[in-house]
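Novice: The annotation transmembrane segment is assigned in TrEMBL to 47-66, 87-106, 126-145, 152-172, 178-199.
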Amino acid sequence: MELRSDGSGSSYEETPFTAALRLSGGGIGRGKSVAPPPPSAPARSSFGFASAWGVLSVLSILAGALRRLVPIALQPFKAGDLSYGHWALYMSFVALMAYVEGHKAFQKKFSPMVVQRALTLDQARTSFGPLRIILAGPYCMGLFYATRKRKIVSWTLYISVIALVTVVRQLPYPWRSIIDAGVVAGLSWGASAILYFWVRSWFGRAPGVDAQMPESKEEAPAKQPLRA
């Protein structure tokens, strides 16, 4: 043991324990103590009925599209008349759409934005007009009350999908089934991503992305920090 000064002119006897704490940055001295780190606050649940209505509205739109497309996409399995080349195209297009539409477009961009915008319905429901609650699905999709860029992108995608569906309906078998199978893969991935981000938000883990709300005097928290 040895005597050490604590910087105030006094000295204290250093033990192996206090020496270890001093070397680790504990700052041991007379009148000093090492406070334990504060416990981390538990994540707060973010489930709300308004956000649930918004998310379920979007999921119902996707489910309606899947209900119409799945029977056509599965038709080659029932008929069993595709050539090896057609099957190769079928599987390749499904994989392509799962990655491009499902992973890149939905999971990385659209799905977290939908959930983040849905959460704003809970955070500022008292200041929101009834229109945003009634039309929670289109609102969460960014079709209105969003930034100008978001509205342009959302409406362009919405109109493009309608045009694509109209064109694909005119295609003969098996090309329509091949294209619809790819769309089913993308939409299924996207719906699953929305559900995933929504369930995480129940435990305080919001997507933490920009909700792309317009500049307004109406204060509505549009972004939450992502919790680990």
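Including glycine, each Cβ sits where the backbone N, Cα and C put it.
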Novice: Considering only Cβ pairs under 8 Å, which range in 87-106, 126-145, 152-172 makes the most contacts with the transmembrane segment (178-199)?
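Specialist: Checked against 87-106, 126-145, 152-172; highest Cβ contact count belongs to 87-106.
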Novice: Excluding the flanking five residues on each side, which residues at least 6 beyond the ends of the transmembrane segment (126-145) place their CB within less than 8 Å of a CB in that stretch?
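Specialist: For the transmembrane segment (126-145), the far contacts come to 50, 53-55, 57-58, 60-61, 113-115, 117-118, 151, 153-155, 158, 212-214, 218-220.
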